[in-house]
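Q: Below you will find the structure I want to go over with you.
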Amino acid sequence: MKLQTTYPSNNYPIYVERGAIDHISTYIDQFDQSFILIDEYVNQYFANKFDDILSYENVHKVIIPAGEKTKTFHQYQETLEYILSHHVTRNTAIIAVGGGATGDFAGFVAATLLRGVHFIQVPTTILAHDSSVGGKVGINSKQGKNLIGAFYRPTAVIYDLDFLKTLPFEQILSGYAEVYKHALLNGESTTQEIEQHFKDREILQSLNGMDKYIAKGIETKLDIVVADEKEQGVRKFLNLGHTFGHAVEYYHKIPHGHAVMVGIIYQFIVANALFDSKHEINHYIQYLIQLGYPLDMITDLDFETLYEYMLSDKKNDKQGVQMVLIRQFGDIVVQHVDQLTLQHACEQLKTYFK
């Protein structure tokens, strides 16, 4: 499947298929030099997939740490210095091969190297079906996640679904959170459909039917980011579950998707409190338990600490914390939420696990 962005200009293709990696070679000849930034995990299992590409004299491989460990100032500077030592021109390509963190990091390198060079995304995880599309790139700060970054469109996104075969279950769980988020944004019927399809751990682990929902998720995100690239309006909806989720992820050092799922439950509790919504919290908790999400850490949540991280969320303004909330399916809002409501929601969340 080939999708295409529909901006007024500077559009890029998104290949979503098995064997999609073959498309990389069609781009290599266009650049003076190319640097494949590949995470250590992918390099361990799939290094041979890039043998043909690396046979080009002007293609270099840079192995970087997997996951959020790579999104640091130290790694950023080290990578830039290595690339600059090759006397690069602006007709250079940075090719990100790995999960969402790899794409974030490599994209920020591409956006800032010589004030912008070509950038190709080659996502290798379910989670990255979300982050590879839309042009958000960046690294982390001690103050929080993704606070240093840019909007920078890739030249192409090449999503080879064969990479998913070796994902450990923890990565499947983490990635599914973003797939499920897109279903929630699409509405109640789509949410019910995906819950009925992936109804337990065994089915989710098999990845049976995942291709369809990944493609649907990408289409959902494309519709939103083309309408609002710089996150001034509806693109904020894509942060569903992320205000509280990012705080939980950053403080408790758990996988991104696991934290987002906690954030999704949390926003349902907040929506019930603010709008008298009728979301069945037990339903969502039981669904996550059936899928195998480890939720024991919820009893250890410390609101005061998490609130400090929430205050650093990029959606906030001078009025305080903003959250994306599902008032009811089909009615999504970005709402300021006061500290007391947030605290009560955190306390209520914890009561479900006592």
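A Cβ is built for glycine as well, from the same backbone N, Cα and C atoms used for every other residue.
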Q: Need one residue: from His197, His242, the one Swiss-Prot lists with Glu178, His256 for Zn(2+).
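A: The one candidate that Swiss-Prot places in that Zn(2+) site: His242.
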Q: Figure out which of Lys145, Lys181 sits with Gly100, Ala101, Thr102, Gly103, Asp104, Thr124, Thr125, Lys136, Phe163, Leu164, Lys165, Thr166 in the NAD(+) site per Swiss-Prot.
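A: Swiss-Prot names Lys145 for this NAD(+) site.
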Q: Restricting to the chain of Asp104 (NAD(+) binding site) and a gap of 6 or more, list residues whose Cβ falls under 8 Å of its Cβ, or answer none.
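A: Result: Lys71, Ser131, Lys136, Val137, Gly138, Ile139, Asn146, Gly149.
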Q: Taking the Cβ of His242 (Zn(2+) binding site) as centre, how many other Cβ atoms lie within 10 Å?
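A: So the Cβ neighbour count for His242 (Zn(2+) binding site) comes to 26.
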Q: Using all protein chains shown, find which of the binding-site residues Lys145, His256 scores highest when you count other CB atoms within 10 A of its CB.
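A: Result of the Cβ crowding comparison: His256.
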Q: Return only the integer: C-alpha distance in Å from His256 (Zn(2+) binding site) to Thr102 (NAD(+) binding site).
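A: Between the alpha carbons of His256 (Zn(2+) binding site) and Thr102 (NAD(+) binding site) there are 13 Å.
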